[in-house]
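*Asks:* The following block contains the structure, expressed as C-alpha cells.
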Amino acid sequence: MFWWIIAITFCSPSLIIVDNIHFQYNGLLFGIQILSLSYAQENKLLLSGIMFAILLNFKHIYLYAAPAYFLFLLYHYCIHKQHFSTSKFLKLGSCVIIAFLISFLPFVLYSQILDPKPHISSQVKQILSRMFPFERGLTHAYWAPNFWAIYNFIDKMLVGFAKVILKKEFIGASSFSGGLVGLNQGSHAVLPSVSPGATIILSGVTATISCILVLYKKKRSSDSGRTLIECVVNSSFAFFLFGWHVHEKAVIMMLVPMGLLIVKGSNLCRTQLKWFSFASIVGCYSLFPLLYQPMVIPIRWMLLLVHIFMLLTFWSRFGSGHIFNKFETLYLYGLIIIEIYSVFINNLILPQLPFLPLMITSVYCSLGIIHTYIKMILI
C-alpha cells in the first residue's frame, strides 16, 4: 500500500507537468512541508512550526497553509488542558521571528552597506512588492480553476446578454482572457470589481472557518498530525479558490497533502482516496493548457490516462464498489468532450476565439475543485 501511495501522490501528472515540464521546482519544498507534517505526527509541534516558518521563507505561496498552522499550533501547542500557555506562545513566536530574521536581514544589511541612504523600510517594501504583485490583476491570463473563473465567466455572459438582447454596449469592458501576462486587465463590466483586500479577507475567513471546523470535529483525536494535514488541505483550498491572481499550477498545493490522507494508521481511508482521485484528475486536466504545442498533446493524454489507471487499480485492490457516483462519473466524462473540442474543433469553427477553450477548461474544472472542497469540509 505504501508504494502505491507514493506512486499516485508523488508521481502525479500534475507534479510532473509543473516540476519537470514547466520548470517550477517544488520537490524540495514539498519535502520540507512533509517533514513539518511528520514532526506534528510525532507530536514535536514546536519543531513542526519551525520547519513551516523555514518553508515560508523558501516560497511564500505556502502562506496558503498559514491559517492552518496558526490555528493548529495555537490549539494543540499553546493551549494545554484548556489553559493558554504564554511561555509556549512566546517560544513559538520567537522561533518564527528568528527564522524570518535570518532570511531577511542579509538583504537589508547588504543594501545598507552598498548605499546607506535608503531606509530599511524601503528595502523591505521592495521585497514585498515583488512577492505580492497586486497590480497583476484578479486572475492570470489563463484563469485558474477557482471561484473567480466562474465570476469572470458570469460577467462576460452578462455583457454578451446585454449586447445581444438589450442592445446595450459596455464601454471599456475588460478582457480577462486576452492572453496578457503580468498586467491588471481592468475591472468587471457588470459585476462589482474585486479588490486585493476583498480576496484576502474572503480567502482568510474561509480558510479560518474550514480549519476551525476540522479542529472542532477532531478535538478528541489523538492523531494530531492527521488533523494538521486536513487543516492544511482545507486552508490551501480556500486560498486557491478565493485568492488574488492565483496561478493554475497552485492546484498542487492541495493535491500533495491530500495524498497523505489516503491512509489512516495502517488502514486505507476510502473516502479520502475517492476525493484525492477526483481532485487529482480534475487538477491534472486543468494544467493541460500548459502543454499546448501539438507535439506534446499526446504526452499530456498519456500522463493522465496512466494516472487514472493507477488510481482505479489502487481502488480495485484495496477498495470495493464504484469509486465515483453517476454524477461525478458524468462530470469526468465531460473532460473528454472539452478536450476533443479544444484540440480538434475550436480552430475549425471559431478560430476568432482562440481563448475560448481556456475559458471553458477553467470554468468547468473550477466546478470540480469547488465540489471537492465542499466534500472535504463535510468529511
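Residue numbering: from 1, along the chain as shown.
Even glycines carry a Cβ here, placed using N, Cα and C.
Remember, TrEMBL labels are computer predictions, not curated facts.
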*Asks:* State the residue range annotated as transmembrane segment by TrEMBL; the candidates are 149-166, 275-292.
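*Replies:* Of the candidate stretches, TrEMBL labels 275-292 as transmembrane segment.
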*Asks:* Go through the chain and flag residues at least 6 beyond the ends of the transmembrane segment (355-374) whose CB is under 8 A from any CB in it; none is fine as an answer.
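*Replies:* Residues packing against the transmembrane segment (355-374) from afar: 142-147, 149-150, 153, 156, 177-179, 234, 237-238, 240-241, 248, 251, 275, 278-279, 282-283, 285-286, 288-289, 328, 331, 334-335, 338, 341-342, 346.
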*Asks:* For the transmembrane segment (61-77), what are the same-chain contacts with Cβ under 8 Å, counting residues 6+ beyond its ends?
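*Replies:* Residues 29, 33, 40, 45-46, 48-49, 52, 55, 88-89, 92, 204, 207-208, 211-212, 215, 224, 227-228, 231-232, 234-236, 238-240, 243, 250, 253.
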